[in-house]
Amino acid sequence: MFGTVVIGVGIAGLARIRDLMNPMPSSPSEHLKLFGFVSRRSFGNINEAKQISLEDALRSKEIHAAFISTENRSHEETIRMFLEAGKHVLVEYPMTLSAKAAHELWEMAEQKGKVLHVEHIELLTEEYKQLKKEVAGKDLVKGTLHFTGHVLDENKTGFPAFSGIARLTWLIDLFGDLTVTSATREKQKDKNYSRMTVHFQTANK
């Protein structure tokens, strides 16, 4: 069995715990054993998974891999700690707040002979696979992608573009490299409202 730990118990972390505790029959998950989860908040147990300290997770010889499901800004430091401790790492997208930091961590993982995997779960959904089939072989003339959500704490999630970067990855995966031609941001603090509008151009304009 391959020992794992989940770091962070937000929506993604709780889904990880659930799936590790109840793996699909005959799936690779059956070979993973969840030794616990790490959180800044005190929970005790969640679905029979026990809470352990970060120090214990880093030191444990029974834990071979960490699943990081924390806020964006903490990803880089947490990945670095677990790689230095000799663990494999799976992290929710985006891996870091800068490409430079991401490349440094990939190099570090390679030097230590560990797997550093970034998972963008939305690209694996049936809805997205269907969308990709529909646009295959077609030329994009013009399009709009609009999505909404609650206002996030920028100290934890990073600049607002990072709140939507998962959706931008959709566009790059569907249509190739994009160039930003303009970007604006509107804020209404009294209404707790923020809107970012970005225009992109494909390689063939």
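Counting begins at 1 with the first residue displayed.
Note that Cβ sites are derived from N, Cα and C of the backbone, with glycine treated the same way.
No curator has checked TrEMBL annotations; they are predicted automatically.
Over in TrEMBL, the protein carries these features:
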- 3-120: domain 'Gfo/Idh/MocA-like oxidoreductase N-terminal' (DOMAIN)
- 128-205: domain 'Biliverdin reductase catalytic' (DOMAIN)
Mean predicted confidence [pLDDT] for the domain 'Gfo/Idh/MocA-like oxidoreductase N-terminal' (3-120): 94
Summary of DSSP states over the domain 'Gfo/Idh/MocA-like oxidoreductase N-terminal' (3-120), given as helix, strand and coil counts: 48 helix, 30 strand, 40 coil
DSSP-assigned states of the domain 'Biliverdin reductase catalytic' (128-205) in counts, ordered helix, strand, coil: 30 helix, 21 strand, 27 coil
